Amino acid sequence: MENCNADRSMETALEMIGIGLTTELVDNVLQRLRYEEKVAFRFFTWAGKQEGYMHLPQTYNEMIDILSSTKYKVKQFRIVCDLLDYMKRKDRNSVPVEVLLNILRKYTEKHLTHLQKFTKKKKIRVKTQPEINAFNLLLDSLCKCSLVEEAEAMFMKIKNKVTPDAITYNILFFGWCRVRNPTRGMRVLEEMIQKGHRPENFTYNTAIDAFCRAGLVSEAAALFDFMRTKGSSMSSPTAKTYAIMIVAFAKYDRMEECFRLIADMINCGCLPDVSTYKEVIEGMCLARKTEEAYKFLEEMGNKGYPADIVTYNCFLKVLCDLKKTEEALILYGRVIEVGCVPSVQTYNMLITMFFEMGQPDGAFETWDEMEKRGCKRDTDTYCVMIEGLFACDKMEDACFLLEHVVNKGMKLPYRKFDSFLMRLSEMGDLQGIHRLSEHMRSFYNPAMARRFARSQKRQTSGIIKSVEVEVGELSNSLCLEQDLAIAALKPDTQVIDFYNFNW
């Protein structure tokens, strides 16, 4: 289990143990792995190749049971189970090509009939063989179990009988990316292009991201250059591709290449959007390259694409999520210096960060700063502030602000309304519960309150079973209001008339 990840060689680790396999031992291991079907099948495949050991029918049955124990597994591994069943009955370690083709045809006729029905109804001629869809499903199952070599061996045997399509090559390419073997993956990609199939941009981006996550930055850079030189217009690098490579170069201290790539991105007109900005800045900050992130914004500004408040907010969100208070305040000062007007989201993020850091004074200062800058507070600002005050036990301030919300006639999101009612219930403030409920009644009807209360009850029914109270139809009151008010009553209250309760 320690070596079952795609980037680890489980087979090599097993061979180093040097234990002779027996049917009893293999069956016991499979039973231990019955809920880890991919690992179990990988172990089963390895065991079948060991000298002096051969699977018996009972082991095949055990493996088939594991791969077909749920609907999901049956759908994913049905063809694999058919192959195992043939090997069990014929006492063989492999399946002949003709038998495999027959199994694929039977599976297609039984489970993949939608395409054939559609083409027959619309009188459309389809050039691809229907068996290729079943074969792709089989290859996908093997690759997801990290058995990419077995998948490619099967592909080599059958590709002269069934013409592979772009999906076939994509599956194998993703399979080699999964096991961190870029060299074999590039071979598949080159063959795919030679056969006239055009890889899509998503294929390249996924592969580059997989290589970068595995630390194979040089291989990712090689694939990136391959996209620019040999790729089609459909597969040329996008802002997303550049963002992945820029972050990877920054993470591994290859800053010269990083900023060269930024310049190349700007020169070719592949400008980052908000999400790409966020990915680049977040990646640099997580790699502790804050100065480089500032330099990235500066480079963009020098090329005529200055950062706006949305871009700065992306940067600020990363710093606030990482709880880097000083750097967040420095960035806020920089926003003011360059003449960019902070938005209400800017202040909301700062307030949230201060409360999460246990610094309510900083939240109060940010609250006052909004007023000085003339930034109008929205509902989220009030919700963040009230939640933070309740969390740091400043009950009076929270209740005062909640009263202000009611007086202004502001509509709170229903979940926030529920959260504030729970807080008031913990305080035993019946008057506050009633006033807030009356205010929210103008925005939310009782039927919605019942639905919400029932959904909450279903979510917590597995945890809280100590008290069960059956409440009938309540025509004029919110169910949630009643529950919270009852919870706020004295613990010695034993009998409550729900229908005649005086609010």
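Even glycines carry a Cβ here, placed using N, Cα and C.
The repeat 'PPR' annotation in TrEMBL covers 165-199 (among others).
Beyond the ends of the repeat 'PPR' (200-234), by six or more residues, the same chain brings 7, 170, 173-174, 177-178, 180, 182, 185-186, 189, 193, 240-241, 244-245, 247-249, 252, 254, 257 to within a C-beta distance below 8 angstroms of the stretch. If you look up TrEMBL, you'll see 200-234 (among others) marked as repeat 'PPR'.
The list of residues near the repeat 'PPR' (238-272) in space but at least 6 beyond its ends in sequence, with Cβ under 8 angstroms from a Cβ of it, reads 201, 204-205, 208-209, 212, 215, 217, 220-221, 224, 227, 279-280, 283-284, 287, 289, 292, 295-296, 299-300, 303, 305. TrEMBL lists 238-272 (among others) with the feature repeat 'PPR'.
Away from its own ends, the repeat 'PPR' (273-307) comes close to residues 239-240, 242-244, 246-247, 250-251, 255, 258-259, 262-263, 266, 314-315, 317-319, 322, 324, 327, 338, 340 of its chain (Cβ-Cβ under 8 Å, at least six residues beyond either end). Annotation comment: TrEMBL describes 273-307 (among others) as repeat 'PPR'.
Residues annotated as repeat 'PPR' in TrEMBL: 308-342 (among others). Under 8 Å from some Cβ of the repeat 'PPR' (308-342) lie the Cβ atoms of residues 274, 277-278, 281-282, 285-286, 290, 293, 297, 349-350, 352-354, 356-357, 359, 362, 373, 375, all in the same chain and six or more residues away from its ends.
According to TrEMBL, the feature repeat 'PPR' maps to 343-377 (among others). Counting residue by residue with DSSP, the repeat 'PPR' (343-377) contains 27 helix, 0 strand, 8 coil.
Look at TrEMBL and you will find 378-412 (among others) tagged as repeat 'PPR'. According to DSSP, the secondary structure content of the repeat 'PPR' (378-412) in residues is 27 helix, 0 strand, 8 coil.
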